[in-house]
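Report on one structure; see the data block that follows.
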Amino acid sequence: KLDPIKVLVTGAAGQIAYSLLYSIANGDVFGKDQPIILVLLDIPPMLPVLDGVVMELQDCALPLLREVIPTDKVEVGFKDLDAAILVGSMPRKEGMERKDLLKANVAIFKTQGAALDKYAKKTVKVLVVGNPANTNCLIAAKSAPSIPKENFSCLTRLDHNRARSQVAMRVGVPSDCVKDVVIWGNHSSTQYPDVHHAKVQMQGKEVPVFDAVKDDAWLKGDFITTVQQRGAAVIKARKLSSAMSAAKAICDHMRDIWFGTPEGEFISMGIYSSGNSYGVPDDLIFSFPLTIKNKTWKIVDGLEINDFSRGKMDATAAELVEERDTAISFLSV
């Protein structure tokens, strides 16, 4: 019998969490035999809503869910955690400057990083979802010096899944027949969805995406912009941001950390850059192609980078450097 693990979800009264919590409590992420203590953190005004979410989790009658702890206090929320999924952040309000958004989020993730440092297990795996996710993740990691930087990641799996699905629909195969797409860089509209190394399983063999799609103009044009701007397209249509697909991507990301990536396949996540073979500046949270084994990630080396890709990777890195420098200037204030 396994001891329960303690999993925190922040922004727990929000709509991504509402799509996410059932999957975690049902064993779809950490395993079908792994009991869970679920800690739900949100801001004080959201506590009444959170009580409703707790009631619903109780009413699901899930055998793995041993305890649910709703709270607005960091010393309760971050205590002895095995995993932390940081969904809550300050959303961008209309007319808000990006700089003001960064400033508000630096304050939030500095507090949460410090709380992880003080209360959580040193082995805690931290996934940052709240935007701007890469920079929020960097601030949290820097604010938790006693936790290894490798334990922090940000979500680009949603972009990865979007890219995979676009190719699959274009070729007319199920999405699990497409593998090894890469999301490079920032979880923003400068991200670079790269399919130069991706393969499609068709007619019993693996075919490079460019050969399977047979439309280079689409792959270097509309495909990229569709993936980059998909979040905005969903908001325009739903009047709400993507929650179901974000929750699914969070589950994929955490399950891969916990159980490893499938043999012979890589995935994308934002991780701390410190020496890599792709010329990405150090001290950023940057999305790379990774394999994961024993809860430890490794960057996939040796992928050929052409001039087209280089330009796109440099652009997203430049944006991240600028975001980081702005955020760090707020840290010391």
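Placed from the backbone N, Cα and C atoms, the Cβ positions cover glycine too.
Copied from TrEMBL, the annotated features are:
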type	residues	note
DOMAIN	5-152	domain 'Lactate/malate dehydrogenase N-terminal'
BINDING	D42, N105, V129, G130, N131	NAD(+) binding site
BINDING	R92, R98, N131, R162	substrate binding site
DOMAIN	156-330	domain 'Lactate/malate dehydrogenase C-terminal'
ACT_SITE	H187	active site, proton acceptor
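Among the recorded positions D42, V129, G130, N131, H187, the ones whose Cα sits within 10 Å of the Cα of R92 (substrate binding site) are N131, in sequence order. Recorded residues D42 (NAD(+) binding site) and R98 (substrate binding site) have their alpha carbons 23 Å apart, per Cα-Cα distance. Under a cutoff of 8 A between CB atoms, and with a sequence separation of 6+ in the same chain, the neighbours of H187 (active site, proton acceptor) are N131, P132, A133, N134, C154, L155, T156, L158, D159, G270, S287.
Within its own chain, N105 (NAD(+) binding site) has S89, M90, G130, N131, P132, T135, N136, I139 as residues 6 or more apart in sequence whose C-beta sits under 8 angstroms from its own. The 10 Å shell around the Cβ of N131 (NAD(+) binding site) contains 20 further Cβ atoms across the protein chains shown.
Each residue in the domain 'Lactate/malate dehydrogenase N-terminal' (5-152) gets a DSSP state, and the totals come to 66 helix, 28 strand, 54 coil. Per-site Cβ counts within 10 Å over the binding-site residues V129, G130, R162 peak at V129. When the binding-site residues R92, R98 are scored by other C-beta atoms within 10 Å, R92 scores highest. Recorded residues R162 (substrate binding site) and V129 (NAD(+) binding site) have their alpha carbons 16 Å apart, per Cα-Cα distance.
V129 (NAD(+) binding site) is 17 Å away from R98 (substrate binding site) when you measure Cα to Cα.
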